[in-house]
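Undergrad: This is the structure I have questions about; it appears just below.
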Amino acid sequence: MSSVRESSKDESIVHPPKAPESEPFPDGGARAWMVALGAGGVLFCTFGYVNAFGVYQDYYITHQLSNYSASDIAWIGSVQTFFLFGSGLVGGPLFDRYGAKVIWAPAVLVIFSVMMTSLCTKFYQFFLAQGILGGMSMGLSLAPALSSTAQYFQKKRAAAMGITIAGSSLGGVIFPIALEQMLYSSLGFAWAVRIVGFIILGVMSFAVLGIRARLPPKRQRFLKLEAFKKTHYVATLTAVFFLNVGIFTPFFYLPLYGQSHGMSTGLAFYLIAIQNASSFFGRLVPGVIADKIGPYNMLSTVSIITAIITFCWIRMTTNASIIVFSVLYGFFSGGIIGITPAAIANCAGHPQEIGTYIGMGMAVMSVATLIGPPINGALLNEYGGFLQVQIFSAAVMMFGGVLAFGAKMISFSGEGKGMRKFDHAVAGLAYYVREGGSRMEHIYFGSVAIVAGHLHGPVCAQNKRQMLVTGIGAEMVYVLEYFVEAG
């Protein structure tokens, strides 16, 4: 038990970047919390607003874009989400080089893109105004907002960034409900979208005024590609990639899943709002705990729990059970979203490099969010049901949780020693996977083997190379067997 406490202490204290003694992290105070709240306002207007695209898609398919398929219209939202994260590759380094003022121009463009969307009538217009301009301007705002909060906090970083990211959950509750009510009222499309634009104008104005960089701008190379030579950083981003391939599946498909099991359209619509409301608390509570036990301990824990809950989704077919799933999934997946930026920020060697590290991490996330939904859509079209979608999403998140555990061991054990411990952990997984039992038992209890492999590495390390390969591939093999049998 003492070794667990020691590892948590090492992770949370040793590895976050050290500020110079003359510039200690405030870890609180009016200015620091104002920045966290201001950044939360930015996420409310960007990430939170993007969560409302499902409402737009339902409206477009019966109104302006009725001649286009749902798959065609979905590209508007996919491109918007891709640029929301991908533009961080530019926004993060700009924050490190020029400070908080870099957020002003994209903040104006966010409002401009919403107002232009209200005037659109053709597909290419929606694609340009909402998909490309909206996504890019939001992404250029998002990365500096996250980076500004990270500059003010070290010991309380996960909690502070959880507060910031909770702004997106609040937006994910308010914007879909507001749009749903206004679009189908006497207001019509144009004024419904403009009212949303005015809401964003008010919140974004407060947010921009609240955000300040703590440290002076630092002249440096735009990207720090040498960061990808750090095993710790690469392991973290690999884990984040797999987590983001699967994490958004229920946000895209849960209403459709509910309707396919007899849920009314009205109740199914509110499932996303329920998820986002639960996610609000999921981005706060795990962040507070992460500051006590370490962000990687918390990230791997909530990732594995989220994956297990997603496997349980297979058996949830009644209205009550689907709503329970929505609440549980929203909370624990919110923990993943809330802790991820703190874990990435901890990889930076200096506080003035945090923006660049977060920006490069967001670029990796953008690829995952771009390919995840189409894979799920292809599985749904191929098999005509949700089983393969559920298994795929749960499996990649379980794998991401395992990798997050490996990144944690690398972070506080040193690169060589950490990799040896990770080998033992995966060998432990292989040992349990190969010892019989049903396939679902392998998937459900594989996470237990990670801990067993860490605690009993020498026992499980016989024929380690063979077992390592088996351990990494075992879970995916069982998933593929499901697909083969279903086909």
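Placement of Cβ uses the backbone N, Cα and C atoms for every residue, glycine included.
In case it helps, Swiss-Prot gives these features for our protein:
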- 1-21: compositional bias 'Basic and acidic residues' (COMPBIAS)
- N67: N-linked glycosylation site (CARBOHYD)
- N319: N-linked glycosylation site (CARBOHYD)
- 1-25: region 'Disordered' (REGION)
- 35-55: transmembrane segment (TRANSMEM)
- 75-95: transmembrane segment (TRANSMEM)
- 99-119: transmembrane segment (TRANSMEM)
- 126-146: transmembrane segment (TRANSMEM)
- 159-179: transmembrane segment (TRANSMEM)
- 191-211: transmembrane segment (TRANSMEM)
- 234-254: transmembrane segment (TRANSMEM)
- 262-282: transmembrane segment (TRANSMEM)
- 293-313: transmembrane segment (TRANSMEM)
- 322-342: transmembrane segment (TRANSMEM)
- 354-374: transmembrane segment (TRANSMEM)
- 385-405: transmembrane segment (TRANSMEM)
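Map these features onto the structure and tell me what's around them.
TA: Within 10 Å of the C-beta atom of N67 (N-linked glycosylation site) sit 8 other C-beta atoms, taking all shown protein chains into account. Look at N67 (N-linked glycosylation site): DSSP puts it in coil.
Annotation note: N319 (N-linked glycosylation site) sits in a helical segment as assigned by DSSP. There are 15 other Cβ atoms within 10 Å of the Cβ belonging to N319 (N-linked glycosylation site).
For the transmembrane segment (99-119), the list of distant contacts is 42, 45-46, 49, 91, 125-126, 129-130, 133-134, 136-141, 144-145, 148, 189-191, 193-194, 196-197, 200-201, 204, 207-208, 211-213, 216-217: same-chain residues at least six beyond its ends, Cβ to Cβ under 8 Å.
Same-chain residues lying 6 or more positions outside the transmembrane segment (262-282) and placing a CB less than 8 Å from one of its CB atoms are 51, 54, 166, 169-170, 172-173, 176-177, 180, 250-251, 254-256, 302, 319, 322-323, 326-335, 337-338.
Counting residues 6+ beyond its ends, the transmembrane segment (322-342) has Cβ neighbours under 8 Å at 146, 150, 157-158, 161-162, 165-166, 168-169, 240, 243, 247, 250, 254, 257-258, 261, 263, 271, 274-287, 290, 295, 298-299, 302-303, 305-306, 309-310, 312-313, 316, 358, 361, 365 in the same chain.
Only residues 6 or more beyond the boundaries of the transmembrane segment (354-374), in the same chain, are considered here, and those with a CB under 8 A from a CB of the stretch are 17, 74, 78, 81-96, 139, 142-144, 146-147, 150-151, 220, 222-224, 227, 233, 236-237, 240-249, 252, 340-341, 344-345, 347-348, 393.
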Undergrad: To the transmembrane segment (35-55), which of 75-95, 126-146, 191-211, 234-254, 293-313 is linked by the most Cβ pairs under 8 Å?
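TA: The stretch with the most close Cβ contacts to the transmembrane segment (35-55) is 191-211.
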Undergrad: Which residues of the same chain, at least 6 past either end of the transmembrane segment (191-211), have a Cβ under 8 Å from a Cβ in it?
TA: 34-35, 37-42, 44-45, 49, 100, 103-104, 107, 110-111, 114-115, 117-118, 144-145, 148, 175, 178-179, 182-183, 185
Undergrad: Cβ under 8 Å, sequence separation of at least 6 from the ends of the transmembrane segment (126-146): give me the contacting residues as numbers and ranges.
TA: 38-39, 42-43, 45-47, 49-50, 56, 60, 64-65, 75-77, 79-88, 90-92, 94-95, 100, 102-103, 105-107, 109-110, 112-114, 116-117, 119-120, 161, 164-165, 207, 211, 341, 355, 358-359, 362
Undergrad: Quick test of the contact rule: Cβ under 8 Å, at least six residues beyond the ends. What residues does that give for the transmembrane segment (234-254)?
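TA: That would be 51, 54, 228, 268, 271-272, 275, 299, 303, 306-307, 310, 313, 322, 325-326, 329, 333, 336-337, 340, 343-344, 347, 360-361, 364-365, 367-369, 371-373, 375-376, 380, 386, 389-390, 392-397, 399-401, 403-404, 406-407, 410.
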Undergrad: Between N67 (N-linked glycosylation site) and N319 (N-linked glycosylation site), what C-alpha distance do you get in Å?
TA: 33
